[in-house]
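Everything below concerns the one structure shown next.
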Amino acid sequence: MTDHLDRRTFVRSTAAVSVAGLLAGCGGSGGDGGDGGSGGSDGDSGGDDGGTETAESTPTDTESGGSGDVPSEVSEYLSDVGNFDGTVADQTGTGNVNVEVGAEGNGGAYAFAPAAVRIDAGTDVNWSWTGEGGSHNVVHEDGEFESSLVSDSGNDFQHTFESSGVYLYYCEPHKGLGMKGAVVVE
């Protein structure tokens, strides 16, 4: 009877350890789990994806008392972004702003630089791929603009921001790593 009891104890212990390991694996931070997106490229491996897009957005509360203010929704959205230092790069007064895609941050080349930028309405933002960190794209949270997945350097995606508001965006494959950005339009 003791052999039977020891075997039963062994089976229970093994099952408990297995379940604990399974729960620990499923309950982690998620890393680069993504959001169940397309799971791959649509075959477009590079090049300019065809031009300039123009979006209109419902203006949001940007708390813009001055160019140094950081809207609370930007601070919250970028709270897990490794290269966000709590400031918004002031690019007001310029007609064309450049943001690097695949900049150093979030444990590799998984960042937009600058992470947050302030511009005037009517300004073009040009996202330029560095060629680092694999395939990246630029996807607006509300779906107003989206680039193709691109991995090669020298590729650009341009968007004109016509309306004031806060525009939050991310890289679909690396959002879980913190590859997110914001454009504050005055």
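The backbone N, Cα and C atoms fix where each Cβ goes, glycine too.
Residues annotated as region 'Disordered' in TrEMBL: 23-74.
Annotated compositional bias 'Gly residues' per TrEMBL: 24-44, in sequence order.
Under the heading compositional bias 'Polar residues', TrEMBL lists 54-64.
Secondary structure by DSSP for the domain 'Blue (type 1) copper' (100-186): 6 helix, 46 strand, 35 coil. The domain 'Blue (type 1) copper' feature in TrEMBL is assigned to 100-186.
When other Cβ atoms within 10 Å of the Cβ of H136 (Cu cation binding site) are tallied across all protein chains shown, the result is 29. Under the heading Cu cation binding site, TrEMBL lists H136, C171, H174, M179.
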For the recorded Cu cation site formed by H136, C171, H174, M179, name the remaining residues of the chain with Cβ within 8 Å of the site's Cβ center, in chain order.
V101, G102, Y110, A111, F112, G133, N137, Y170, E172, P173, K175, L177
Spatial neighbours of M179 (Cu cation binding site) that are distant in sequence (at least 6 apart) but have CB under 8 A:
V81, G105, N106, Y110, A111, F112, H136, Y170, C171
Drop a 10 Å sphere on every Cβ of the binding-site residues C171, H174 and tell me which sphere holds the fewest other Cβ atoms.
H174
